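Trainee: My structure is below; once you've seen it, I'll send some questions.
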Amino acid sequence: MSLTRLNIEAFRNIQSAQLIPAPGINLIYGQNGSGKTSILEAIYFLGMGRSFRSHLSQRVINNDDDKLTLFATLNLARGDSKIGLRRFRSGETEVRIDGEKVKRLSTLAETLPIQVITPESFSLLFEGPKSRRQFIDWGAFHADPLFYGAWTNVRRVLKQRNQLLRNGSSYSNIQFWDQEFVRYAEQVTEIRNHYVDSLNELLKGIIGEFLPSVDVKVSFTRGWDSKTDFAELLENQYSRDLATGHTVSGPHKADLRLRVGTLPAQDALSRGQLKLLVCALRIAQGKLLKQQIDKHSIYLVDDLPSELDAQHRQLLLKQLTDTGAQVFVTAIDPAAIVDSLHTPPSRMFHVEQGRVTVIE
């Protein structure tokens, strides 16, 4: 799978641009503020319906316009597919895939799986468990068609349960919701656990390439003691949950644990090593997607030279090239990327003040 055409209108400082990307490595270079990262952001927006840089998606709309428009042609195994997205300043979003209106943004994610390696993506290890749950759930969503429905039901039931707790409801009023919660929580947990097991098999080899002298152990924690019956736990913790006004244990507390010896990886590794670990996680996830559903991710790699030294840039780019996936990578100086590749980039784009030029 690859993008063969990308149209961007009124997205940040890009008023209008059309790119014809190539399979393989697409290098986008330009000075800070030129708009090169905005191209990556536009691709992400088209696949996720939101930005990886701002929770307020209205901010990505060009100041002179009331809407942004993104359009892409995807080359898939079954043929070409066309995706269009329009976001209005009012917050309304309109999505079409092959001319048909799409109501759920999850359909975008299913159609256009994206992996991001940016300065912000390293928060996967530095922040709390939420970002690591999202990492697991991205893979589980693509790997198992039952996951999205179960995950949606977990969120729905958890919201209802927490509302009852805040209202001081008796356990007899909560018990029905607990039965639902247990059913969907166990389904979500089983899919997550299976996914992490599969990921681990690939991850070991990739971590060995990036960090050959480091033994990283990866494990999944479900959000409650695996030896404890979840229904019993919810009943036993009712008083505690009532006091706090929310559900203390459950799949919404799950985490991906990474350890070196007895220490969390965050405490045992240098910042540079942690960045390589995140790169390994992203590459493993993309490779697993290809194994499980025979679809490539599209990789968006922002400002690589400032994040990794020359040796590790070369290693990462080799790993990305070997996946066979389409990659978009940005840099201020194109030589920093070109010199790290064994073969020239498939295509190069120069960006200046929001204007994009292909370099022949």
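Every residue gets a Cβ built from N, Cα and C, even glycine.
The following feature annotations were taken from Swiss-Prot:
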BINDING   GLY30, GLN31, ASN32, GLY33, SER34, GLY35, LYS36, THR37  ATP binding site
Trainee: Looking at the binding-site residues GLY30, GLN31, ASN32, which one has the fewest other Cβ atoms within 10 Å of its own Cβ?
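Mentor: Each of the binding-site residues GLY30, GLN31, ASN32 was scored; lowest Cβ tally within 10 Å is ASN32.
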Trainee: Other than GLY30, GLN31, ASN32, GLY33, SER34, GLY35, LYS36, THR37, which residues of the chain come within 8 Å of the ATP site, judged by Cβ distance to the Cβ centroid of those residues?
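Mentor: Those within range, site residues removed, are SER38, THR330, ILE332, VAL351, GLU352.
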Trainee: Among all the protein chains here, how many other CB atoms are within 10 A of the CB of THR37 (ATP binding site)?
Mentor: 22
Trainee: When you measure from the Cβ of SER34 (ATP binding site), how many other Cβ atoms are you left with inside 10 Å?
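Mentor: Its Cβ has 22 other Cβ atoms within 10 Å.
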Trainee: Give me the non-local Cβ neighbours of LYS36 (ATP binding site): same chain, 6+ apart in sequence, Cβ-Cβ under 8 Å, ordered along the sequence.
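Mentor: Within the chain, LYS36 (ATP binding site) has Cβ neighbours under 8 Å at ILE28, TYR29, GLY30, THR330, VAL351.
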Trainee: Taking the Cβ of GLY33 (ATP binding site) as the centre, count every other Cβ atom within 10 Å, in any protein chain shown.
Mentor: 13
Trainee: Can you see whether DSSP assigns GLN31 (ATP binding site) to helix, strand or coil?
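Mentor: Coil, per DSSP.
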Trainee: For GLY35 (ATP binding site), which residues in the same chain are close in space, meaning a Cβ under 8 Å from its Cβ, but six or more apart along the sequence?
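Mentor: When sequence neighbours closer than 6 are ignored, GLY35 (ATP binding site) has ARG12, ASN13, ILE14, VAL351, GLU352, GLN353, GLY354, ARG355, VAL356 within Cβ distance under 8 Å.
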Trainee: Under DSSP, is LYS36 (ATP binding site) helix, strand or coil?
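Mentor: Where LYS36 (ATP binding site) sits, the three-state DSSP reduction gives helix.
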